[in-house]
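Record features (TrEMBL):
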type: DOMAIN; residues: 5-188; note: domain 'Calcineurin-like phosphoesterase'
type: BINDING; residues: Asp18, Tyr21, His187; note: Fe cation 1 binding site
type: BINDING; residues: Asp18, Asn56, His150, His185; note: Fe cation 2 binding site
Amino acid sequence: MGKVGEKLNIDFVISTGDNFYEDGLTGIDDQAFEESFTDIYTAKSLQKPWYLVLGNHDYRGDVIAQLSPVLRKIDQRFICMRSFIVNAEIVDFFFIDTTPFQLKYWTRPKDHHYDWRGVAPRQKYIANLLKDMDEAMKKSTAKWKIAVGHHTIRSVSDHGDTQELLQLLLPVLKDNSIDFYINGHDHCLEHISSRDSPIQYFTSGGGSKAWRGVFQPNSDKLQFFYDGQGFMSLQLNQDQADFTFYDVSGNILYQWSKSKLNHLQPTTYITEA
């Protein structure tokens, strides 16, 4: 990542959640913060802002600690919030807290404890989140609109599609012409194209472990799937978005681009396997 980051001269890094395994942080003084973040991403090119969403494993720990500004005093790169927007002029990134959407974490937590402080009751939290996101997306005048969440909307790996997001979040993304949805959760790399809208789904969940040999196709169009570890880059300008998937050694596995010549012309697709 450091080498690719240097080559691309990146502006910031996005983490798609599950930032601390297996059960989040125990508190603001948990050594896991340094051991899993500060002491890992040491390359000079990665000393940029990191925007992080929470994953389900983060919710198994002290969520309030992971959101605490105290962590930014330990490592100023670490910018983690529940749901927020990053405006980068030509693009707006809408970071969405997807864990509360999944009903099973509430009703069938098994042996896990989930930290729902500031979230419960679930239905009210989700309704307010969707309302706020919808309003913010409608106000956005950015050329590109990108949503980021931990959980999959579409995936062909172990977790597969997330039904609650298909039912509740996806209609908001479609209604507001979101270009891309970027997620983690499934431990693989994948690109899926929607068959009924222009939206593209990108899973970048190969930053730690990988699920080899797990594959369950869905009804949308699978463009790329890699059941190994790796990461993804995105380069954006006014007219084009370039996605690249890499393996752990930085070798390019897949590239895909989308052009937007201007707001009035129809979108064109360029796919390169």
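Glycine is treated like the rest: Cβ placed from N, Cα and C.
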- How many Å lie between the Cα of Asn56 (Fe cation 2 binding site) and the Cα of Tyr21 (Fe cation 1 binding site)? 10
- Task: List the same-chain residues at least 6 positions away in sequence whose Cβ sits under 8 Å from the Cβ of Asp18 (Fe cation 1 binding site), in sequence order, or say none.
- Result: Gly55, Asn56, His57, Asp58, His150, Gly184, His185, Ser208
- Item | Chain-internal residues near Tyr21 (Fe cation 1 binding site), provided their CB is under 8 angstroms and they sit 6+ positions away | Ser36, His57, Ser208
- Note on the structure: For Fe cation 2, residues beyond Asp18, Asn56, His150, His185 with C-beta within 8 angstroms of the site's Cβ centre include exactly Thr16, Gly17, Leu54, Gly55, His57, Asp58, Thr98, Thr99, His151, Gly184, Gly205
- Task: Can you tell which of His150, His185 has the least company, meaning the fewest other C-beta atoms within 10 angstroms of its C-beta, among these binding-site residues?
- Result: His185
- If you draw a 10 Å sphere around the Cβ of His187 (Fe cation 1 binding site), how many other Cβ atoms fall inside it, taking every protein chain shown into account? 22
- Task: Determine the Cβ neighbour count for Asn56 (Fe cation 2 binding site): the number of other Cβ atoms within 10 Å of its Cβ.
- Result: 21
- Confidence summary (mean pLDDT) of the domain 'Calcineurin-like phosphoesterase' (5-188): 98
